[in-house]
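Taking it in order: structure first as structure tokens, then the write-up.
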Amino acid sequence: MASSKLAVIVLAAGMGTRMKSSLPKVMHPLAGRPMVSHLLDTVSGLSPDRMVVVVGPDMELVGKTVAPFPTVIQADRLGTGHAVLQAKAALGQFDGDVLVLYGDTPLITRATLERMLAERRGPRDPAVVVLGFKPQDPGHYGRLVVGAEGLKAIVEYRDATPDQRENPLCNSGVMAIDGNRLWSLIERVDNKNSKGEYYLTDIVALARADGATCTHVEGDEAELLGVNARSELAVAEALVQARLREAAMDNGATLIDPATVWFSWDTKIGRDVTIWPHVVFGPGVTVGDNVEIKGFCHFEGCMVEAGVAAGPFTRLRPGAEIGEGAHIGNFVEVKKATVEAGAKINHLAYVGDARVGAGANVGAGTITCNYDGFNKSFTDIGAGAFIGSNTSLVAPVKVGDGAVVGAGSVITKEVTPGALAVARGSQMELKGWAERFRAQQAAKKAKKD
């Protein structure tokens, strides 16, 4: 009976030269996090007993990202078979199943991996299970040659006959391998090919020569996309977003124009939420039930509680906490601030490093002046307070509960609860001044003429 133990080897040492980037290929983000993290999250759902990530030299950033999973270094990039061999010391003589995956193939699903493991642990006891797929454009993919006895061979496109090239079943590179046979197979792979590399695909022929069976499982092209260029990264992003949008709608959210709403991998959206077109969610956003988010909003690192109305053109930055039933309107930016239940900041305001108390109203053009060039300071607006339009609150400062601040004020001192504070120059009126001024200017102009 096949073992239920599982080890995973993730190959992530590729240079990614086609990306034309100083960032390692597997670190390029999809939905707000590195593509390799998507893969590790999927694999973690299988509860593997061991996992090791194969990286290249000078890839410390990848090592930090995949931690606590261990990494091994492939000092010389001599092919996929050579990369797998680098994991031998970390895995040792593992007697379970070994999945070999690729850090630049981040969209593979847990369901597909479970099907591969079920095949590996099935009655045929195959030494190797290869994940195949049928792309719309088979191009120069290697082909899987399948017969009644299972997978007969993996043929590289350049070595394939015309008939084999007509075969639509292609090789994804993903494999499930019997751990008891893995190292015996890998150590016999040679580099007698045009590239002088050690190909993992050669283990199929070696296993069959040993009298073992090899089989395949077929996956979907969309989940087997390999990201090697920026154009493929864009395709992968679109596929990830399609999944996230579908999940949000399945969980009870309404997306007026789904294609224009962009989620992050960890966005949490409640039920009966309505999201209008052109909304972007950065990482770390939680939205409660019955929230309406109008168009052209950008949220990141924030909490939005039930019944909030936001937008259009609202920006919520990290640390923003918007309380139940609050209104955050057009061209309002909130950063590292708590807006309590029922408060309203309806237009043209900046609220940073602050608290806006329950039921308070912040008028158009109000800003919290939270930075003096060296330090950030806090603004505390009490419950039920009313801040008139075009007010500057110079932190640190406190406006008490129920207080009213007159429009155009520059508040630098504490306003006591229930008080009226007006801090602006007194209005002055000079009767007849405008008429005299116009006459003077007309006379000057006539004299010049």
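Backbone N, Cα and C atoms are what each Cβ position is placed from, and that goes for glycine too.
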Further acetyl-CoA ligand in Swiss-Prot, beside Ala364, Asn370, Tyr371, Ser389, Arg424, within candidate set Ala407, Ala442, Ala443: Ala407
Nearest of the recorded positions (Asp104, His347, Ser389, Arg424) to Leu11 (UDP-N-acetyl-alpha-D-glucosamine binding site) - Cα to Cα: Asp104
Rounded Cα-Cα span from His347 (active site, proton acceptor) to Ser389 (acetyl-CoA binding site), Å: 10
In the chain carrying Ala364 (acetyl-CoA binding site), residues 6 or more apart in sequence that have Cβ under 8 angstroms from it: Asn346, His347, Leu348, Ala349, Ser389, Asn390
Residue pair Ala407 (acetyl-CoA binding site), Asn361 (UDP-N-acetyl-alpha-D-glucosamine binding site) - Cα distance, angstrom, rounded: 12
Number of other Cβ atoms within 10 Å of the Cβ of Leu11 (UDP-N-acetyl-alpha-D-glucosamine binding site) across all protein chains: 23
